[in-house]
Structures are given as structure tokens and as C-alpha cells.
Amino acid sequence: FFQCDNAKGLKAFYDAIKYGPNHLMVFGGVCATVTSIIAESLKGWNLVQLSFAATTPELADKKKYPYFFRTVPSDNAVNPAILKLLKHYHWKRVGTLTQDVQRFSEVRNDLTGVLYGEDIEISDTESFSNDPCTSVKKLKGNDVRIILGQFDEEMAVKVFCCAYDEEMYGSKYQWIIPGWYENLWWESWINSSQCLSKNLLAAMEGYIGVDFEPLSSKKNKTISGRTPQQYEKEYNARRGDGQSSKFHGYAYDGIWVIATTLQRAMTYLNSSKHQKIEDFNYTNHKLGKIFLSAMNETRFFGVTGEVVFRNGERMGTIKFTQFQEQKEVKVGEYNAVDDNLVIIENSIRFQGLEPPKDKTIIQEELRKISLPLYSILSALTILGMIMASAFLFFNIKNRNQKLIKMSSPYMNNLIILGGMLSYASIFLFGLDGSFVSEKTFETLCTVRTWILTVGYTTAFGAMFAKTWRVHAIFKNVKMKKKIIKDQKLLGIVGGMLLIDLCILICWQVVDPLRRTVEKYNMEPDPAGRDISIRPILEHCENTHMTIWLGIVYAYKGLLMLFGCFLAWETRNVSIPALNDSKYIGMSVYNVGIMCIIGAAVSFLTRDQPNVQFCIVALVIIFCSTITLCLVFVPKLITLRTNPDAATQNRRFQFTQNQKKEDSKTSTSVTSVNQASTSRLEGLQSENHRLRMKITELDKDLEEVTMQLQDTPEKTTYIKQNHYQDLNDILSIRNFTDGKDGEKAILKNHLDQNPPAQWGSSDPSRTSKDPIEDINSPEHIQRRLSLQLPILHHAYLPSIGGVDASCASPCVSPSASPRHRHVPPSFRVMVSGL
């Protein structure tokens with residue numbers, strides 16, 4: 001029965017039953033509608049039906065069609081073959097696109113059952129009636145790479161046009177569709193679409209078609225004695241120019257199935273000798289069961305391959321073809337009997353270097369810090385630590401030098417320690433997941449924060465503590481003298497560190513830092529592989545990160561402002577060994593600017609770990625290096641070139657505002673207890689210089705004494721010069737008597753005895769000639785009696801001799817009152833030459 005019209009087909013069947021002879025079997029049925037109606041009624045007629053062209057899956061229901069067989073595999077027969085193909089290429093994630101037609105829907109439903117439990121996921125199931133573009137977009141949105149399609153030729157053209165528009169073709173996608181389309185099927189429907197032919201062919205390139213094999217490719221002899229190739233040759237010769245049907249081989253094998261079935265039935269009946277085949281009628285169910293059993297036992301090799309039935313379904317051969325360069329090429333076949341898939345070697349061509357992936361392979365790639373960059377910055381950090389160690393060695397070695405001693409060497413050591421801690425944090429900032437484990441990285445989050453925070457406070461806290469001492473001493477010139485020792489400065493630094501520790505401990509206990517992973521948008525693989533790279537980046541974060549950073553930044557900012565205030569207040573203190581205000585100001589300026597720029601750029605480059613680490617490391621290196629250099633390089637240069645220049649005693653200058661405020665106070669600067677040792681050393685140096693001057697004055701005095709033996713005309717000139725020299729001596733004493741810082745007022749001895757009295761003589765001698773007997777012993781004795789008391793009271797005390805208040809050892813108690821020395825108004829003696 002080859003009618004596709006339901007009425008005509010049924011009429012022909014019933015006419016044959018009613019008017020024809022008894023029929024043993026029904027052979028035929030092409031159209032699904034007619035075949036299904038006939039097959040459903042065969043049970044009542046006790047007839048077995050064999051079809052060679054009905055492929056509808058509906059006929060596989062043995063409860064509904066128990067007497068139906070077919071030599072052609074059903075449309076569902078391709079599903080086991082598809083399963084085998086998916087497993088062969090390790091595709092475990094697929095999507096289906098089905099035309100809303102019962103035939104295709106049944107195949108899809110059966111495929112779902114086949115794939116269920118085989119560890120293959122159907123990630124999306126889409127269907128369409130006329131426009132498949134919406135469904136194609138959904139498949140792409142669900143990242144479906146392997147698409148199993150069920151639609152006819154007309155819809156296939158529309159599907160591939162949509163696939164081209166959505167770029168769902170090429171090396172990343174694989175389409176698997178029915179393979180029973182006619183040759184050059186797209187040419188018949190290209191005009192009905194809005195797709196260009198070249199675009200359609202580009203989207204179709206590489207699709208795999210699945211269909212039953214019309215003729216076996218094996219060269220074995222069939223049950224007819226011919227090989228499949230010989231049969232095909234004879235078939236083509238006999239049909240001439242007639243149209244070929246792909247079912248002719250199944251029809252040929254169907255005849256042999258009926259023949260072998262009847263032969264087995266006759267053999268069985270002959271052996272039983274109870275009935276003959278001629279006894280068959282439509283009500284003889286016993287013979288009908290015999291025919292049914294004989295049909296199920298059919299097994300032979302035909303032109304379409306191994307002919308075997310399983311529950312009435314043909315276990316045939318399924319072929320795989322691939323669309324290559326505008327033609328379909330056979331690339332493999334699946335034997336349902338053996339459940340074996342054979343892919344022809346080097347026949348299948350994928351658009352990429354390898355078969356497409358069943359989904360977008362997302363390879364998470366840690367954005368890590370480049371090893372060469374880490375090495376370079378680590379080398380710079382090591383150089384910085386070596387420089388800090390050199391400064392530490394210099395500071396310890398020269399700690400007894402007055403220049404270093406005045407600059408508080410213990411505070412300098414703390415500055416160096418803070419700088420080295422800041423340097424050390426760079427090594428920790430560069431360690432990420434490529435170097436350490438996740439647990440270790442989380443620990444480093446806390447450690448590096450603590451080290452950098454403590455290092456910053458240690459360095460700048462010590463620097464600001466030094467400046468505070470200078471400020472406390474020199475801010476008010478009328479302040480009482482007090483000692484500010486290094487222990488107090490260490491306490492100040494310790495207090496700053498205590499605040500840091502309180503903040504850090506609360507941070508760690510309440511809201512500790514954790515390792516978090518930030519995922520970024522997928523990127524194509526640089527090597528061109530069919531994978532997508534999802535960059536991930538490790539961060540150290542917690543729930544209230546902004547609050548904790550705000551607290552730390554606020555505290556550090558206040559510390560910087562305090563340092564700026566101290567540096568400004570002490571900017572006019574002119575002892576470089578004590579005052580680092582200028583360098584502190586420069587350091588605070590550079591550190592502040594660099595920190596602001598570094599923090600902003602670091603935040604903007606959060607997704608670029610190499611740039612972020614480079615900026616953070618360079619900011620730390622620059623800030624630590626510039627701070628250490630500003631503190632120690634000037635001291636190093638001064639100590640090498642002029643070690644006394646920084647500690648010379650000088651008057652201190654203050655700002656104009658301070659001068660106006662202190663205009664009523666004394667202009668001399670109060671001595672400072674904290675610098676007493678340094679001032680004493682300066683005074684000793686000055687004392688040495690004055691002693692040298694006294695030695696020179698001794699020589700001058702000796703010359704004056706010798707000149708007294710010369711002519712009387714020179715006496716007046718000599719005495720005037722002698723008076724000036726004595727004033728110089730008394731001025732020296734006036735300076736050296738101020739070593740304890742008290743403002744003693746020296747009353748010049750000679751002010752009470754004018755020079756005019758030095759040359760006075762006894763009135764009894766005034767009447768004599770001044771030239772008379774001037775070199776006589778009496779005149780010489782009188783001159784010495786004038787000179788020696790003056791020298792005794794003015795010279796000897798200044799060089800550490802007897803007290804200026806004592807009587808002259810050179811003048812007897814009975815000396816004339818006019819030769820007696822007036823007691824001086826000062827009583828301070830400078831000791832020791």
C-alpha cells in the first residue's frame with residue numbers, strides 16, 4: 001500500500017481484504033497517516049505488516065501496533081547514534097531546536113529519554129513554528145555550543161540564516177541536524193529567506209547530518225548472493241532515467257524478510273504436521289502468532305546491512321555526513337546491532353584546531369604580579385634597606401660625636417627602624433596566590449598592614465618627638481629651665497604606637513581582613529583556543545573596610561598635621577644639630593603628596609595588580625628613602641666637612657611676630673639645659689681661643705714693661721696703650737665669667753681709677769725736673785709699684801690664679817694708699833689654662 005491519501009489507502013486495504021484472496025502478510029505503507037491506521041487494525045485481521053518506508057516514531061509503540069514491522073529504521077533510530085557521537089567527542093552539554101511538528105517533537109522526546117542518565121545535560125530546549133531566530137538567540141544566551149536540530153529543509157534555511165546573524169557558527173559551534181534532506185536542498189529555499197547565499201553556506205559549513213544508511217558500504221555478499229555494490233549497479237541499470245528513491249534497498253530487503261519469514265513458518269508447520277500454511281485465514285490466530293514469531297526471528301545480511309528486528313524495529317546502520325565545501329561527505333557510521341561507532345579517519349573537519357567545546361570553557365586565571373617586576377622592586381627595596389643599615393651604622397658609630405649626640409641618636413635609630421619596617425612591607429605586598437597558598441595569603445593581609453602601620457608611626461613619631469623637644473625648649477624664651485630626656489621622647493613614641501596597636505587589635509578582633517576574590521568579565525584566549533579567560537584577583541578586605549581605613553587615615557593625617565605644626569614653630573631655631581624642622585617639612589610634604597597620588601592611582605588600578613603593586617612599592621620606597629636621606633645626609637655631610645659648625649654657640653633668631661610679642665623682654669637668649677653639654681663644649685673652645693689671646697697680651701705687656709725703661713717722652717703713649725690692653729684683659733674676664741648662664745655685670749676696675757691717676761706722683765717731687773735721674777733705682781721701683789698691682793688684679797684671676805678680691809702679693813701691707821687696688825665688683829673665677 002503506497003497511497004498517501006487516507007481515504008484511498010484505507011479503501012484499497014479493505015477491498016483487498018473483502019474481495020481478494022487470503023493474504024498472509026501486508027507489505028507496504030509509506031505515508032505515516034495511512035500506515036498508522038492500517039497497522040492499528042491488523043491485530044483484528046490477524047495479519048503481520050512490514051513497511052520499508054514509514055519512519056515515523058509513533059509506529060514503534062508495540063502496545064498499539066503489535067503486528068507492525070519495518071525494514072527501515074525509524075526516525076528515533078538516530079538517537080542512539082547521536083548519543084554515541086556525543087560520547088565520542090566528550091560533549092556533555094547540548095541544546096535542542098525543534099520545529100513544532102509531531103514527527104520532530106517525537107524524536108526530540110525520545111532523545112531526551114536516551115540522554116537521560118547518560119551524564120549528558122540538555123541545557124536548553126527550544127521550539128519554533130515559523131521564525132526560529134528568537135529560539136536561536138536564547139540558545140546563544142544559554143551558551144549552547146552543540147545544537148541538536150529537528151526541522152525540515154525549509155526551516156533549515158531560516159535556522160542557518162539566524163545562526164549567521166547571531167554568529168553561532170564556526171569553530172565554537174556544532175550543528176547536528178537530520179541527514180535525509182534532498183541533495184542541494186538549500187537551493188530550493190534560499191529565495192524564501194532574507195539571507196545571502198554566501199552567508200547561508202558559511203553558517204552551514206561543518207554541520208553534521210544523521211540519517212539511516214540506504215545501502216551498506218560493506219562488500220560482503222548478501223542473502224541474494226550479490227554484494228550491495230553489485231545490487232546498486234544492477235538497480236541503476238534497470239531504473240534507467242527514473243527517479244531514485246533512498247528506500248529501494250529497504251524494499252528489496254523487505255521482500256527477503258517476507259520470504260524468510262514464510263519459509264520459517266512453513267518449516268515449523270511441516271514439522272508439526274498439524275496445520276499447513278494453506279489453512280491460514282483472518283481468524284486463525286494460531287497461524288498468525290506463528291508468522292509473528294517467525295518475523296521476530298529474522299536475521300540476515302541484506303543490501304542495507306544486517307537485518308534484525310528488536311520489538312519490531314529495524315536495528316540498522318546510521319550514517320553521519322558533514323557539509324564540506326557545499327557538499328555532504330560521509331564521515332562515519334553507527335551499527336545499531338553492535339552498538340559501534342566508526343569515524344572515517346581524517347574525514348571529519350572541524351572549523352577550529354580541535355572539536356568545539358560543549359560550552360564556553362571558562363578558565364579562571366589569577367591576575368598575579370609579574371615575577372620580573374617583583375624581582376626589580378625587591379632589589380630596590382634591598383638597596384633601600386642597605387642604605388638604612390648604613391645610616392644605622394653611622395649613627396651608632398658616631399653617637400658620641402657632639403653633632404650626633406645633640407640630634408638624639410636613640411630617636412634616629414627609631415626613624416631608621418620605622419623606615420626598614422616600611423621597606424619590609426613591600427616584600428609582603430608582592431606575595432599573592434602565585435607564590436603562597438590561600439591561607440597564607442589571608443595571614444599576610446594582616447601582617448603587612450601591621451608592619452606598614454607600625455613602621456610609619458615609628459619613623460615619623462620619632463621625628464616629631466624630636467621636633468617637639470626643640471619646640472618645648474625654644475618656643476618661650478622666658479621658660480624655666482628643665483630637662484627633657486630621651487626616655488620621655490621614647491614614651492611619646494610608645495604612646496603613638498599604643499594608639500596604633502589599639503586600632504589594629506580592634507580591627508583584627510571585630511572585623512579581620514579576609515581573602516576575597518573578584519571576578520572580571522570573560523576575555524578571549526590570547527592563544528586562540530576555544531576557551532574564555534575569566535580573570536580573578538585576590539584582595540584583602542572585610543565587611544567595614546571603609547570605616548577602618550578612615551580611622552587609620554584620620555590618625556595618620558593628624559600625626560602629619562602635628563608634625564607640620566612643630567616644624568613651622570621651630571623653623572627659626574638656628575642650631576642645625578638640634579633642629580630638623582626644615583627637613584621634616586620637606587619630608588612631610590613629599591610623603592603627603594606621594595601618599596595622596598599613590599592612594600588615588602592605586603584605587604583606579606585596582607584591577608591591574610602589576611600597576612597597583614608597582615605604584616604602592618615605589619611610593620613606599622620613595623617616602624622611606626627621602627625621609628631617611630633628609631634626616632641623615634645633612635648630618636653626614638656636616639660631620640665630614642665641618643663638625644663644629646652645627647654646634648657653635650650663637651644667638652637664636654625668632655620670627656617677627658615673636659619679636660613683637662617679646663619686645664619687652666631681654667634680647668639675649670636664655671641658656672638651655674637640654675643643650676648645656678654642647679654649650680659647655682663651645683665655651684671650652686672659646687676659652688681656649690681667649691687663652692691664646694691672653695698669651696699674646698702677655699707678650700705685649702712684656703714689651704710695654706721693657707719700653708718703660710726708655711725716654712720720658714714715651715711714657716704718656718705707653719701708658720695709654722697699656723690702658724687699652726688692660727681693658728682687653730678685663731673684657732675677656734667679663735666673657736668667661738658667664739659660663740653658668742647668669743648675666744653678671746662686670747665693673748671695670750680701671751673705671752674707678754682713671755688713667756690720669758696712674759701717672760700721678762708724689763707732690764713733693766713735682767717740682768723736680770722730669771728728666772732728672774729717670775733711670776735711677778727709685779724711679780724704677782716706683783714704676784713697678786704701679787704696674788704689678790694692676791697686673792695682679794686683672795691678669796692672674798683670668799688665668800686661674802688667686803681670687804681678684806685678695807690683696808696683692810707684690811704689695812706690702814704698708815704700701816702707700818694710692819697704690820692700693822680698689823676691690824672689684826665681680827667674684828667669678830675662670831679656672832685653668
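Even glycines carry a Cβ here, placed using N, Cα and C.
Residues or ranges marked as transmembrane segment in TrEMBL: 371-394 (among others).
According to TrEMBL, the domain 'G-protein coupled receptors family 3 profile' annotation covers 373-655.
Among the features that TrEMBL reports, transmembrane segment is placed at 414-435 (among others).
Marked as transmembrane segment by TrEMBL: 447-468 (among others). Here the transmembrane segment (447-468) has long-range neighbours at 407-408, 411-412, 414-415, 417-422, 424-425, 428-429, 489, 492-493, 496-497, 500, 504, 513, 540, 552, 556, 559-560, 562-563, 566-567, 570, 579-581, 584, 587, 591, 620, 624, 627, 631, meaning same-chain residues at least 6 beyond its ends whose C-beta is under 8 angstroms from one of its own.
Among the features that TrEMBL reports, transmembrane segment is placed at 489-510 (among others). Long-range contacts of the transmembrane segment (489-510) within its own chain (CB-CB distance under 8 A, at least 6 residues past either end) are made by residues 408, 410-411, 414, 446, 449-450, 453-454, 457-458, 461-462, 465-466, 468-469, 548, 551-552, 555, 559.
Here the transmembrane segment (547-568) has long-range neighbours at 453, 456-457, 460-461, 463-464, 467-468, 470-471, 496, 499-500, 503, 507, 511, 581-582, 584-585, 588, 591-592, meaning same-chain residues at least 6 beyond its ends whose C-beta is under 8 angstroms from one of its own. Here TrEMBL flags 547-568 (among others) as transmembrane segment.
Residues or ranges marked as transmembrane segment in TrEMBL: 588-604 (among others).
For 610-633 (among others), the entry in TrEMBL reads transmembrane segment.
Taken from TrEMBL, the feature region 'Disordered' covers 655-685 (among others).
If you look up TrEMBL, you'll see 665-679 (among others) marked as compositional bias 'Polar residues'.
Summarising the annotation, TrEMBL assigns region 'Disordered' to 751-773 (among others).
Marked as compositional bias 'Polar residues' by TrEMBL: 754-764 (among others).
Distant neighbours of the transmembrane segment (610-633): 369-370, 373-374, 377, 380-381, 384, 387-388, 391, 394-395, 412, 415-416, 419, 422-423, 425-426, 429-430, 452, 459-460, 463, 580, 583-584, 586-587, 590-591, 594-595, 597-598, 601-602; these residues of the same chain sit at least 6 beyond its ends, with a Cβ under 8 Å from one of its Cβ atoms. Taking Cβ pairs closer than 8 Å, the transmembrane segment (588-604) reaches residues 460, 560, 563-564, 567, 611-612, 615-616, 618-619, 622-623, 626-627 in its own chain, all 6 or more past its ends. Within the chain carrying the transmembrane segment (371-394), a Cβ under 8 angstroms from the stretch's Cβ atoms is held by residues 412-413, 416, 419-420, 423-424, 426-427, 430, 610, 613-614, 617-618, 621, 624-625, 628, 632, 636, all 6 or more beyond its ends.
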